[in-house]
Amino acid sequence: MAVILETTLGDLTVDLFTEERPRTCLNFLKLCKTKYYNFCLFHSVQRNFMVQTGDPTGKGRGGESIFCKLYGDQARFFEMETNPRLKHRKVGTVSMVNNGGNMHGSQFLITTREDVDYLDGQHTVFGEVSEGDDVLAKINEAICDNEHRPYQDIRINHTVVLDDPFDDPAGLADHIPDRSPEPTKEQLESGRIGADEAIDDAEGRSQEEVEEMLEEKEAKARTQILEMVGDLPEADVAPPDNVLFVCKLNPVTQDDDLEVIFSRFGEIKCCEVIRDQKTGDSLCYAFVEFEKPEACEEAYFKMDNVLIDDRRIHVDFSQSVSKVWKGGPNAPKGGQKSKFELKDKTKGAGKQYDLILEDEDGDEAGHSKEKGRDADTSQDRRSKDSDSRSRHDKHKKKHRRDSSSSEDDRRHRKKHHKKERDSNTDRTVDRRRRDASSSEDEQRHKKKHRKHDRNSGDESHKKRDRHERDHDRHERDYDRHKHREHRSRSREKDLKHSRHEKHRHKH
């Protein structure tokens, strides 16, 4: 069961899940059969997310089900099917759009990325794109506005039902046309640039106009980049037309000199030579702000390549938007209203700077000329500024001394702690070495003592054994001697007895 959607970019073949979503597939097939989707716009294209169509009005708020044609307005929508649960896992998943209250009409969407799980349960999956992935990729790459509406129309021209397993409801035959109908006037007016209309910006333009158009596009792209990185308050901001940029100045040229030279063209609001913030040396360029743009334009035409202080200067209209940044008269709404800047208050001093807060009108303090200013008041203010600078310098010096002394103390304590740790480490190592040497000496002494005891014990045992052997031998010799003496006595006694017996017998 499949349907071919013939679009202005190519054909999409949709396979339907008729067994899992019978009511939704029946609605979709019968709408295709009645040519309801012919000339419907892809009114929403969200790149790498989904594309949406199915609304004949092309606005995304219309559409009705096939049951509305058969049974009236009470059947304009039908309930979504939730069982079995199908998920938006693949690119090309086709789902019926939820019109609110879990009701469906005619609008459907096609996903252009995988695993769009937050659409699960909100919209009813009833098919998938089986052929035409390249066409779906083209639709996905369409250029759209902020509301995801393509600038050039992408439409469904025709629908072809390849297989329909459902019988036509009663009365549907009256709504099936014999041939594809022509688009209505409302359908044609709902788009923007025609789908078959060629887009060529260079058509009917000369070569110079085309180059100018390309330069404008590049300039706009650069300004948008500067806006994103924070160098411009707005992409469409323009520099003031009453400020003149002067460069190639001699380093000795001062603000007063330029003001006198350029004042012949008109009243000057501000004239400032830009200087290095650290050294106070001139950077050899300046900005001259006139009261009227006409004076600035006249100075531009007459002062270019003029010799000033043995240098031929170059003038041009200023490209700086610092006045706009600072909240001047040309500042955009919501822009920055004030800004801190370092300025040279004393002309020619070179190294004396002060922190100045600019006025909301954009006039820089110390450079704007106010008529009727009281000299005593300005003198008092300068003296107060000098006093405050001197106090500030004293405070900074004191802070530096305190910070340097505290830093020296920290370094000294750190060095002292390091020496103590090193000495403690050395004492610990020496103690361990002494303990190790003493333990080794003690072990050697014990070993020697054990050896001596063993040797002395062996000698005593030998002596004792020798003594016992001598004693035994002595006893044996004594017993042998006593035995011999006893035997000799008994022999003598027997001899005497025998002589006595002989003598007695003789008698």
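Placed from the backbone N, Cα and C atoms, the Cβ positions cover glycine too.
Predicted automatically and left uncurated, TrEMBL annotations should be read as such.
Taken residue by residue, the compositional bias 'Basic and acidic residues' (175-189) breaks down under DSSP into 6 helix, 0 strand, 9 coil. Positions annotated as compositional bias 'Basic and acidic residues' by TrEMBL: 175-189 (among others).
The compositional bias 'Basic and acidic residues' feature in TrEMBL is assigned to 338-347 (among others).
TrEMBL lists 364-390 (among others) with the feature compositional bias 'Basic and acidic residues'.
If you look up TrEMBL, you'll see 391-401 (among others) marked as compositional bias 'Basic residues'.
If you look up TrEMBL, you'll see 420-444 (among others) marked as compositional bias 'Basic and acidic residues'.
Positions annotated as compositional bias 'Basic and acidic residues' by TrEMBL: 454-480 (among others).
Positions annotated as compositional bias 'Basic residues' by TrEMBL: 481-507 (among others).
Under the heading domain 'PPIase cyclophilin-type', TrEMBL lists 1-161.
Positions annotated as domain 'RRM' by TrEMBL: 242-320.
Per TrEMBL, the feature region 'Disordered' maps to 167-202 (among others).
Sequence annotations record features per position, and here TrEMBL assigns region 'Disordered' to 323-507 (among others).
For the domain 'RRM' (242-320), the DSSP counts in helix, strand and coil order read 21 helix, 30 strand, 28 coil. Averaged across the domain 'PPIase cyclophilin-type' (1-161), the predicted model reaches a pLDDT of 92.
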